[in-house]
Amino acid sequence: MTARRQPDALLVLSFGGPEREDDVIPFLENVTRGRGIPRERLRDVGEHYYALGGKSPLNDLNRRMIDRIRTELRSRGADVPVYFGNRNWHPFVESTVETMARDGVRSAAVFATSAWGGYSGCRQYHEDVARARRAVVDAGLVPPRLQRLPQFHAHPLFITAFARAVDAARASLSGAGADADLVFTAHSVPLRADAESGPPADGGHLYSRQVRDSARLIRDHSSFAVGDGAAGVEPEVAWQSRSGPPSVPWLAPDISDHLRARVAAGNTRPVVLCPVGFLADHVEVLWDLDTEAAETAAELGVEMVRTATPGLAPLFAEMVVDLALGEGAERQGCVPDYGVGVDGAVCAPGCCGS
């Protein structure tokens, strides 16, 4: 197949995270800007960061991921510089895109560190791109053309990286996890946000559908694969990290509630917990799963192990470079237009509530 024109650069666009204790509250204020969240609530959430040393591991993990992407690009003979920008903390995407403009970058591919549709997982990254380009224009410079790469929730390399992590985690359980169950988690969102995710013509609920699709594919490419006679069996999916007022309904059940419900129904089998919604071990994984969910499992007497996330797996860097260079389209396994947009334009009219 013929690859598309090689971009001048690749921008890895992510969420951001505090690097020290003094950053925590300003970072959370950036995350929640415009939502009217009381400062007291920010302090409560900040305790999760302080308990982990006041620093999110996300930026460092992204830098390590970028190192692997650079190595993969070099292995293919692709002279493509990789830049790093964030929505909510340094390096801010506005500053990064200005640097790209000063470096003479005219056209760049943008890889957002989210596999999903929805406002926070997709559309907001388009808004980040548009905001960054406006900032560059305001600085008197010509911004590069920035093209978002497609969502990758079903990309075979993404699925395989997670499936291998599932099998490695299962092997660490007592008896190699012969009687274990596989449970997936992803970040909860308000039901309304999920209903509005994706193009209206697609029927909405794109986010939760993609999470379940990924979970099904990971399961079926792991040692938990169901037999031909059970092909319609749905994967076991729970949600985590909800916030906001209790009066607003979010995707449920919460993972700790789900673990309790399993035991209440007489199921005390070991659990392999796969955080399918996350590329890296950042605070929602380390606190909500490794701390809170792990404590719940221990209280219930349930053996539980969490899988690794895929962001540092060699297959993940290979996938990013495939997408950036337009290679491997025959194995993308996803609708290529979902998430794709140029200079901040969304991928479809009305998509994700736009």
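Placement of Cβ uses the backbone N, Cα and C atoms for every residue, glycine included.
Whatever TrEMBL says is automated annotation, not expert-curated.
Cβ neighbours of Ser56 (Fe-coproporphyrin III binding site) (same chain, under 8 Å, six or more residues apart in sequence): Gly17, Pro18, Glu19, Phe27, Tyr49, His282, Val283. Feature annotation from TrEMBL assigns Fe-coproporphyrin III binding site to Ser56, Tyr125.
If you look up TrEMBL, you'll see His187, Glu284 marked as Fe(2+) binding site. Close to His187 (Fe(2+) binding site) in the fold, though at least 6 residues off in sequence, lie Trp239, Gln240, Ser241, Gly277, Phe278, Glu284, each with a CB less than 8 Å from its CB.
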Residue, out of the binding-site residues Tyr125, Glu284, whose Cβ gathers the largest set of other Cβ atoms within 10 Å: Tyr125
Per DSSP, three-state class assigned to Tyr125 (Fe-coproporphyrin III binding site): helix
